[in-house]
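In what follows, a structure is listed as structure tokens, so that the remarks can point back to it.
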2 protein chains.
Amino acid sequence: MAGILRNYADYLPVTKNTPGLTLHEGSTPLLFAPRLSERLDLELHFKYEGLNPTGSFKDRGMVMAVAKAVEEGSHTIMCASTGNTSASAAAYAARANINCFVLIPDGHIALGKLAQAMIYGAKIMAIKGNFDEALSIVKEITSKESITLVNSLNPYRLEGQKTAAFEVCDDLMGAPDILAIPVGNAGNISAYWKGFNEYYQSGVIDKLPQMFGFQASGAAPIVRGSIVQNPETVATAIRIGNPASWEKAEEALESSRGLIDEVTDEEILEAYHLLASMEGIFAEPASAASFAGIIKLKQQGRIEAGKKVVCVLTGNGLKDPDSAIQKAAVQPWKVNNDYDEVLNAIRQLAGDSHGVV
Amino acid sequence: MAGILRNYADYLPVTKNTPGLTLHEGSTPLLFAPRLSERLDLELHFKYEGLNPTGSFKDRGMVMAVAKAVEEGSHTIMCASTGNTSASAAAYAARANINCFVLIPDGHIALGKLAQAMIYGAKIMAIKGNFDEALSIVKEITSKESITLVNSLNPYRLEGQKTAAFEVCDDLMGAPDILAIPVGNAGNISAYWKGFNEYYQSGVIDKLPQMFGFQASGAAPIVRGSIVQNPETVATAIRIGNPASWEKAEEALESSRGLIDEVTDEEILEAYHLLASMEGIFAEPASAASFAGIIKLKQQGRIEAGKKVVCVLTGNGLKDPDSAIQKAAVQPWKVNNDYDEVLNAIRQLAGDSHGVV
């Protein structure tokens, strides 16, 4: 209960010189979903990573990367990011009392997406160029100066992220049959697979799960087998056309006899809405790609009834309130300040949903 | 690790008929703050309630209230709320598969504030009237129909909320010297005091903390000793002019030899910014009232050096990204896609903050 570096030190590159950095990341809920399990005839659990300190799974990898940066004497970290990575990097840099620089492409970036990084004190620079060019210059600078790269090319990121697989197994007292996960940069599916394998090799679990990855249809390079030049999807956290961990992900899919498939934005938003309205779980749209994929495959008869399935929900729905508003907003039902009128409205709005008002 | 009803059953009105409702609320981080402790010459800890399932401390009381509603056969809950209470009520109603109605005053409510309640499936009604009138009609309807009131008048709410005090003591292995907390409706300060007293009476802790409550200057009825007709503050979650638990809060302040004071919006936003940029903790503005109060009192010499202080941070900063943007937003530093230019910008932006780039 005090962060992943302490909880899983034996499985991580933690030495006696690694600082005990933590914002109490990890130990996120694995929620059994009774209503959705019944509806789909599966044993469905959700790994809700939105309750990490900055609201996404990125905190697991970032605490490891920043701790190692500090251990190695670095005073500055840097990344190219317009979203969850920059928020997480900025938070752990603040906690560790080091500098954090975030490089973004110039133009078209809503300040709201950067609000977290800014309030945590990161310095933001906008470069004339696209995201790939921003990443490219970050790589060049961090390779030549005493500044640490914390984009997903930093190998400590995956080390930290694999702890989510440990937690799933610890909570279930074993591995699930299927681990379903959204795939953007493909680092997380690779990290989970690494985690499951380490637990298997240590004898903590006696079987490995199948890895099911899901990309958004408008950003599905691995499904299609080729780079997507202009990826587009409502699931912004997985809007990536050329995944950094493509090969590692392919290996995880093959070794686990898993699969990769795509889900449309409509399917993602429908799954997103079901999660909130039937189980009380509010996740980022990208998170719901995992569950949308499971719904699709089950309906196609490609998953046997009764399977134990864990869907990874990578981020908090509060990261993207606009999607919630667009999906669920209806103008409030207007009523006069009158007992009978309010009661009448309640009866109409409740309909037959639970039979009793 | 599976919700407060299970973790603290012995201290709660949990019977064999109470459903095991949970979204894994509670078990939130108690974060020691090394940098701010040194700056203020105190032992400072933050109880970060923003990592509850819907992003605020309200989940502790709501899980208890909704579980008891279900136990008592209710199929419908109702509240008047424009913020955190409605989000929490809607989430637990979804989880418990019952109806949730939210009554709001007509006009001036941004849909963003209601996005959570809507995505969780609550039915929202806007009445012609103000908040007090909305609450009044909710009280009347829930007293006459088989609909359960889940506003803070529901006594189970405080029962659930008191578990945060238990967790503080469990983590510290004893009580702090001072518990600092934002005061709006005054329910939470009352709940913490109840929790500390129950642990004291059970012999789990051997002393009680002093309770320090902080209201926003524009919404400080308890400080002033009279109702505030039109409360105004950036800290919307504590913008309350006539607290429901006023008397209970007075009793907690008196019995604990505590105090209540006010902090300005400026002091709140400064504390809010310090928390994020020095410790990596992003809380709702209202949350920062507790820390703003401690800064103020320490500077006035009203707290002895070295005291063990726990500041309660009631909600997640992601609930109110606009405040972060207003407080921290600066236009990104624009640079050309050029190695030397980017490096030069880094050196300028870093300044002397850590001496090394």
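Using the three backbone atoms N, Cα and C, a Cβ is placed for every residue, glycine included.
Residues within less than 8 Å, Cβ to Cβ, of A:GLY184 (pyridoxal 5'-phosphate binding site) and separated from it by at least 6 positions along the same chain comprise A:GLN215, A:ALA219, A:ALA237, A:ILE238, A:ARG239, A:ILE240, A:PRO243, A:ALA286. The DSSP secondary structure for A:GLY184 (pyridoxal 5'-phosphate binding site) is coil. Annotation source TrEMBL lists pyridoxal 5'-phosphate binding site at A:ASN84, A:GLY184, A:ASN185, A:ALA186, A:GLY187, A:ASN188, A:THR314.
The feature domain 'Tryptophan synthase beta chain-like PALP' is assigned by TrEMBL to A:22-315.
Marked as N6-(pyridoxal phosphate)lysine by TrEMBL: A:LYS58. Following the DSSP three-state reduction, the secondary structure of A:LYS58 (N6-(pyridoxal phosphate)lysine) is helix.
A sphere of 10 angstroms centred on the C-beta of A:ASN84 (pyridoxal 5'-phosphate binding site) encloses 27 other C-beta atoms.
Between the CA atoms of A:GLY187 (pyridoxal 5'-phosphate binding site) and A:LYS58 (N6-(pyridoxal phosphate)lysine) there is a gap of 10 Å. Computed over the domain 'Tryptophan synthase beta chain-like PALP' (A:22-315), the whole-number mean pLDDT of the model equals 96. Long-range Cβ proximity for A:LYS58 (N6-(pyridoxal phosphate)lysine), meaning a same-chain Cβ under 8 A and a gap of 6 or more residues, is found for A:ASN52, A:ASN84, A:THR85, A:ALA87, A:SER88.
A coil conformation is recorded for A:THR314 (pyridoxal 5'-phosphate binding site) in the three-state DSSP classification, outside any helix or strand. For A:ASN185 (pyridoxal 5'-phosphate binding site), the same-chain residues 6+ apart in sequence whose C-beta sits under 8 angstroms from its C-beta are A:SER152, A:ILE238, A:ILE240, A:PRO243, A:ALA244, A:SER245.
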